[in-house]
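J.: Structure in structure tokens, see below.
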Amino acid sequence: MKISELKTPCYVIDEGKLTENLKILHHVMQRTGAKILLAQKAFSAFCEYPLIGKYLSGTTASGLYEARLAQEEMGKENHVFCPAYLPEEMDELVKICDHIVFNSVSQFLVHKEKIKKAAAGISTGLRINPECSTQEGHEIYDPCGTGSRLGVTRAELDKAIQNGFDLSQIDGFHFHTLCEQNSDALETTLDAVEKKFGDLLYGRKWLNMGGGHHITKAGYDMEKLEDCIRRMQETYDLEIYLEPGEAVALNAGYLETTVLDIVENNGIKILVLDTSAACHMPDVLEMPYRPPLKDSGKAGEKAYTYRLSSCTCLAGDVIGDYSFDKAIKVGDRLTFCDMAIYSMVKNNTFNGMPLPDIAVMGADKECRVIRRFGYEDFKGRLS
Ligand SMILES: *Cc1c(COP(=O)(O)O)cnc(C)c1O
């Protein structure tokens, strides 16, 4: 089936593009010896886990459900980080994970007996907070801001050590401080990590440098990334992990939609689509950002400008203003790009909106629907 024949709304995963990204990441692994994991919170399309598992070392999870999904569908290295684990979650996690990362010394102490008793050896990690903000604008994505709960600061770790905490129980350190950034931000962060935690890195086995590395984006400075990895390998004799989410499936998906109506208000022409920013691409409103749309320009750039909006009752459910070479008609189809990441994992059925189907586009551009959603998926989460 061609992409234009799919019933809309529909997410389409572009396997050709996904494979290109995976090859880039695999190349970094080969050149540096670092291990790269898929951060499932960005992209959990498990139909692609066998493909992803061919190129990457495994997965990382934000909690039990993602860890289970990884174990069931990929079965490679299975890391987990969560700010706090429930006792019953830890009972499961010790059976399926090989690396468990704690957000605080107190969380480690709560769960350490279970880790010790686990049948398979589990490598323990502690998330550190280097208190080094390298991003502006996106404050909700900055774990280094004052008052952040994410990662122990050096001051808090020192307090715990003074109170008798034995750091030799911790195999690795983990930090995650970047969001859609280039390797210069990683370099700056590593300076802070070394300054604050350098003396403690010597006794560790591994360092996980988190996600937010825009490795597969055009213009990413790969040489600097490799220098950063080697610097930590050589100085501290550490195994290095990276766990990008976004970079794995960047630009590897679309959201196909149909124009249902065209209305006008004070000279503004508005397209009513069968998709929704609030329900199907919540990051557009949350981040916020303007998703790329195929064959379109900025407002006023091409001859015909429209505001793209949705079928929900939320006045602000607007994707943005876009322009086209031709006038748009009811029934026309539009294709949003870069819709694989933070889309399927974040969507919802607010307003009773149907969830988009999920299709896969092969390298030959042929599409097949792999999941169709209906009323039961809406009703099933309610009672
Ligand atoms: C979000 C997150 C990632 C992935 O981040 P991307 O920006 O998608 O690369 C990795 N690790 C942790 C701990 C995260 O919270």
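Please read every residue number as a count from 1 along the shown chain.
Quick reminder: no glycine exception, Cβ is built from N, Cα and C everywhere.
According to TrEMBL, the record shows the following:
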DOMAIN    11-339  domain 'Orn/DAP/Arg decarboxylase 2 C-terminal'
BINDING   GLU246, ASP283  substrate binding site
J.: Around ASP283 (substrate binding site), how many other C-beta atoms are within 10 angstroms of its C-beta?
T.: 14
J.: Using a Cβ cut-off under 8 Å and a sequence separation of 6 or more, which residues in the same chain sit near GLU246 (substrate binding site)?
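T.: Sequence-distant Cβ neighbours: ALA42, GLU180, GLY211, GLY212, HIS214, ILE341, TYR342.
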J.: Looking only at DSSP and grouping its letters into three states, which state does ASP283 (substrate binding site) belong to?
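T.: Helix, per DSSP.
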J.: Could you say whether, by DSSP, GLU246 (substrate binding site) belongs to a helix, a strand or a coil region?
T.: helix
